[in-house]
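Peer 1: Copied straight from Swiss-Prot:
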type: COMPBIAS; residues: 235-245; note: compositional bias 'Basic and acidic residues'
type: COMPBIAS; residues: 302-325; note: compositional bias 'Basic residues'
type: COMPBIAS; residues: 351-365; note: compositional bias 'Basic residues'
type: CROSSLNK; residues: Lys154; note: SUMO2 cross-link
type: CROSSLNK; residues: Lys226; note: SUMO2 cross-link
type: CROSSLNK; residues: Lys266; note: SUMO2 cross-link
type: MOD_RES; residues: Met1; note: N-acetylmethionine
type: MOD_RES; residues: Arg273; note: citrulline
type: REGION; residues: 200-255; note: region 'Disordered'
type: REGION; residues: 281-365; note: region 'Disordered'
Amino acid sequence: MEGQRVEELLAKAEQEEAEKLQRITVHKELELEFDLGNLLASDRNPPTVLRQAGPSPEAELRALARDNTQLLINQLWRLPTERVEEAVVARLPEPATRLPREKPLPRPRPLTRWQQFARLKGIRPKKKTNLVWDEASGQWRRRWGYKRARDDTKEWLIEVPGSADPMEDQFAKRTQAKKERVAKNELNRLRNLARAHKMQMPSSAGLHPTGHQSKEELGRAMQVAKVSTASVGRFQERLPKEKAPRGSGKKRKFQPLFGDFAAEKKNQLELLRVMNSKKPRLDVTRATNKQMREEDQEEAAKRRKMSQKGKRKGGRQGPSGKRKGGPPGQGEKRKGGLGSKKHSWPSALAGKKKGVPPQGGKRRK
């Protein structure tokens, strides 16, 4: 009995070892292409198993992914390893596949005004050492920055110049001069950025004044300022004789989340019917108004054209300087007097008629 149990245990151990080896060892018709630098494995084998899987190939996909991952891990274990802080690390080779960049290449940094001038004049920068000898402290110190050599800000005594006011605070004057230098450097930096981006910077003299604002612009600005509150100008105080603002926005009314399901279904079906219909939806009122508007425009254009023709016909002059048609101008003689054909006057002025007394006073005998 004991010998039989030992044989069973040995057989079970051999079976487990075989299963482990089977999990590690994967057979492929075509070997995979590996790019260990990018941890990439490309499988060129035809997916015959996936074609035979049917409509649900999830299990086959998992098995295929597991086999390919196992082959990739086997390749990683063949790389040279080293121990770093109680951990085994493998050095990956250089990647062979070029991956596309997520973002474009960075643009070269634009040159400052001094760099442009130095390039134009051929000035080359001279490298200066970071440390210089400080005679006051007797040691090497930084050229710039904190604990620099010849740091005049740490002096407790400042000599007053002969041309300066003896009552002026030289320490405050030095601090103010430093602030001005910092502000000037910042302004130059912003100008360089604006020049690089081709922007227009305001002048040091100040912003240019704006033009005269009309009544409409001031009213529009006042209306925008009034509605720029949390209540959209609803609780804003008004002047005694101020009118209510026009065009105040109306509150949107949304449909309730839980309501008439039949009406909602009807609206959705109507929307789908309109979207699926091949014929365009015709608005009779809008089409009629458009047709009437076009007819009115055509009539107005025709009248305008006729009036222009009449003006040209009555305003042209002949070679002798006389008008062809139209009322006579200054300096022209009327042909035919008062009874001419072109300008007819009342019959009482043109001649006698029976039963009509003559006008213009008594006649002389």
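Glycine residues also receive a Cβ, built from the backbone N, Cα and C atoms like all the rest.
Note that the structure is predicted; figures quoted are calculated from it, not measured.
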Peer 1: When you rank Lys154, Lys266, Arg273 by Cα distance to Lys226 (SUMO2 cross-link), which of the recorded positions ends up on top as the closest?
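Peer 2: So, of the listed recorded positions, the one sitting closest to Lys226 (SUMO2 cross-link) is Lys266.
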Peer 1: Take the compositional bias 'Basic and acidic residues' (235-245) and find every residue of the same chain, 6 or more past its ends, with a Cβ under 8 Å from one of its Cβ atoms.
Peer 2: 223, 226-227, 229
Peer 1: Rounded to a whole angstrom, what is the C-alpha distance between Lys266 (SUMO2 cross-link) and Arg273 (citrulline)?
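Peer 2: Between the Cα atoms of Lys266 (SUMO2 cross-link) and Arg273 (citrulline), the distance comes to 10 Å.
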Peer 1: Across all protein chains in the structure, which of the recorded positions Lys154, Lys226, Lys266, Arg273 has the highest Cβ count within 10 Å?
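Peer 2: The residue with the densest Cβ neighbourhood is Lys226.
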Peer 1: Given the residue listed as 'citrulline' and Lys154 (SUMO2 cross-link), what distance in Å do their CA atoms have, once rounded to a whole number?
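Peer 2: A Cα-Cα distance of 85 Å.
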Peer 1: What three-state secondary structure does DSSP assign to the residue listed as 'citrulline'?
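Peer 2: SS state of the residue listed as 'citrulline' = helix.
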